[in-house]
Amino acid sequence: MSDLASRITAPAAATPATETDAPAAASSTLAVPDGAADGANSSGLQESNYDVEVQLGDPDTDSPLSSISSFSELGLPQGIIDGLLAMNFKKPSKIQARALPLMLSNPPRNMIAQSQSGTGKTGAFVVTILSRVDFNQPNQPQALALAPSRELARQIQSVIQSIGQFCTGLVVDAAIPGAISRETGVKANVVVGTPGTVMDLIRRRQFDVSQLKLLVVDEADNMLDQQGLGEQCVRVKNMLPKTIQTLLFSATFPDHVKSYAEKFAPQANQMKLRQQELTVKGISQMYMDCPSLKEKYEVLCKLYGLMTIGSSVIFVKTRESADEIQRRMEADGHKVSALHGAFQGQERDQLLDDFRSGKSKVLITTNVLARGIDVSSVSMVINYDIPMKGPGDQSPDAETYLHRIGRTGRFGRVGVSISFVHDRKSFTALSSIAEHYGIDLIQLSPDDWDDTEVKVQDVIKSSRAKPDYAPTQEKAA
């Protein structure tokens, strides 16, 4: 078979199809992942070979610019130190070493922080939350964390409870649909929730925000950029005390969102990375050259039929596509699950819990799980559909690509991402994303499964990620 690059130079030979088409009536998008640090001599996080760039919101202040080498330098309560050690966070990651002195300074200052997936940003803001809370007031809300999905909110709640397990008096509520009783309202000193539910609780006077000291917005670029979520975040912020400390965290901050974030968190200290430093080095990024849209599904089943992959996530574009691929894969003898926004809250919780525990090994999902969710056992992510944005999917979505592949290669482990391309549009979109981040993509061919298996297993069997890791074969851009 001729490769895709040659086929797209002769459009007549390619199958004219759009990304809204599906594998025999399927379509596409979704994602997954959880985890505490594993690790031997440190937190076990994905460490970088670059320095974090810091910009002070007010250069005239005496904000600390130093980088800590141990958590003990921060003067944290012993309960937090014990919790970090219990979670195997033995020393700060680079993002934690630079961010924590700034976030814990007094008087409190706002922060806009950008860091790769799996580098410890959640741990950084969780330590800040626990440090700001008076545990003698277990039922008085003092810190609020906002997340774009119930899955991520539940995960953050779990991390706070784990690191804060020795903090007597810590109570963490999840403000997600169906979780807070209308009779009791919020009775916790830390609240993690989605913007719509939080806003509703405040309006019904079931969430006392008068003593809130800290607001954290995780996956802030997505939260502020989406019309509905962005408006809800602003409304929630306007209901909170004017003196509240605001922390915005994300792996990506597109320019148009960055200016909005600076208004949302004024005079914020900022931490950022250069564009080419955003992709996680422990992820070997590949692409599969599929003969046509129809044959994408056959290639997918062949991939899972030949290899022992472990936990993996398949991202598709639509709910219908996720359901159709699940139906067809199960009919072909594969054990898979689908998770997307059409499922009710408790059912979504159970599906994700089953995936975390290993009861389910393959999760087909849309972008509802592309951000923040950590399942440390995920060794492969498949972009069945290349992420696109704009009316009619007019342009590639580089930020969503980065968040999707960040579901693997967590906490210093290695991982594989495989993006499926089948025509001029999908190939051009992936090429644009690769150029955007300076990625050398490794080509896989459905005509040589022995070679494909060697390349993929070469990565998965590697014990830990190295900064420059890639399989030992020729790369193709």
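Each residue, glycine too, has its Cβ placed from N, Cα and C.
Not measured: the values here are computed from a predicted model.
The stretch that Swiss-Prot tags with motif 'DEAD box', taken from the ranges 210-213, 218-221, 254-257, is 218-221. Within the listed segments 69-97, 127-155, 272-300, 301-329, Swiss-Prot records motif 'Q motif' for the stretch 69-97. Note: the motif 'Q motif' (69-97) comprises 17 helix, 0 strand, 12 coil (DSSP; helix = H, G, I, strand = E, B).
A simple way to gauge crowding: the CB of Gly120 (ATP binding site) has 28 other CB atoms within 10 angstroms, across all the protein chains here. Break the motif 'DEAD box' (218-221) down by DSSP state and the numbers are 2 helix, 1 strand, 1 coil.
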